[in-house]
Amino acid sequence: MAQLYYKYGTMNSGKTIEILKVAHNYEEQGKGVVIMTSAVDTRDGVGYVSSRIGMKRQAMAIEDDTDILGYIKNLPEKPYCILIDEAQFLKRHHVYDLARVVDELDVPVMAFGLKNDFRNELFEGSKHLLLLADKIEEIKTICQYCSRKATMVLRTDHGKPVYDGEQIQIGGNETYIPVCRKHYFKPDINN
């Protein structure tokens, strides 16, 4: 029986490399997968998943009006698994579509993304995945400043912490830092 999985972690926790690894493992066995990602993430072009270690792969871009259930239903061949990158950027209706893919089409869905933003608030997609997922798993990494587990994302601008602003600002290592709670509130930026 298929399930909806939500695997979340902070920046630099290896979420995208995990997607690429899972896809590779399925495909090595001759089992087709569908990789999807939010069209909001434009760092490496719309419709691509790419890891910080340099691996990159084309994916179906999810726009605000994308009908995920309809898209999967209309594929010529039923996939063995659906893999979603940047799931935090999904809209409520996308997450409900993913649940229907699992329940109605019996296709497992693995969604990967951030749980909370730089203000330590849930993203829309994360909120609904936490509500609907059959299994929730944290992908762990460590704080950039100490050896504690990173649970938060610190946004920086020219080396200074930022706690206010638009929720979504696309950026990478130059903008976002994985940190523990202590260093979220008292970042060690200059050390």
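Placement of Cβ uses the backbone N, Cα and C atoms for every residue, glycine included.
For M11 (ATP binding site), the count of additional Cβ atoms within 10 Å of its Cβ stands at 23 [all protein chains shown]. What Swiss-Prot lists as ATP binding site is G9, T10, M11, N12, S13, G14, K15, T16, D85, E86, A87, Q88, and the listing cites sequence analysis.
The Cβ of E86 (active site, proton acceptor) lies under 8 Å from the Cβ of T37, S38, V40, D41, F112, G113, each on the same chain and at least six residues away in sequence. The active site, proton acceptor annotation in Swiss-Prot covers E86 and rests on sequence analysis.
Look at Swiss-Prot and you will find C143, C146, C180, H183 tagged as Zn(2+) binding site, backed by sequence analysis. C180 (Zn(2+) binding site) falls outside any helix or strand according to DSSP and counts as coil. The Cβ of C180 (Zn(2+) binding site) has 19 other Cβ atoms within 10 Å, all protein chains considered.
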Within 10 Å, the Cβ with the most other Cβ atoms among the binding-site residues A87, C143, C146 is that of A87
Distance between K15 (ATP binding site) and C180 (Zn(2+) binding site) at the Cα atoms, whole Å? 18
Nearest of the binding-site residues (G9, M11, S13, D85, A87) to H183 (Zn(2+) binding site) - Cα to Cα: M11
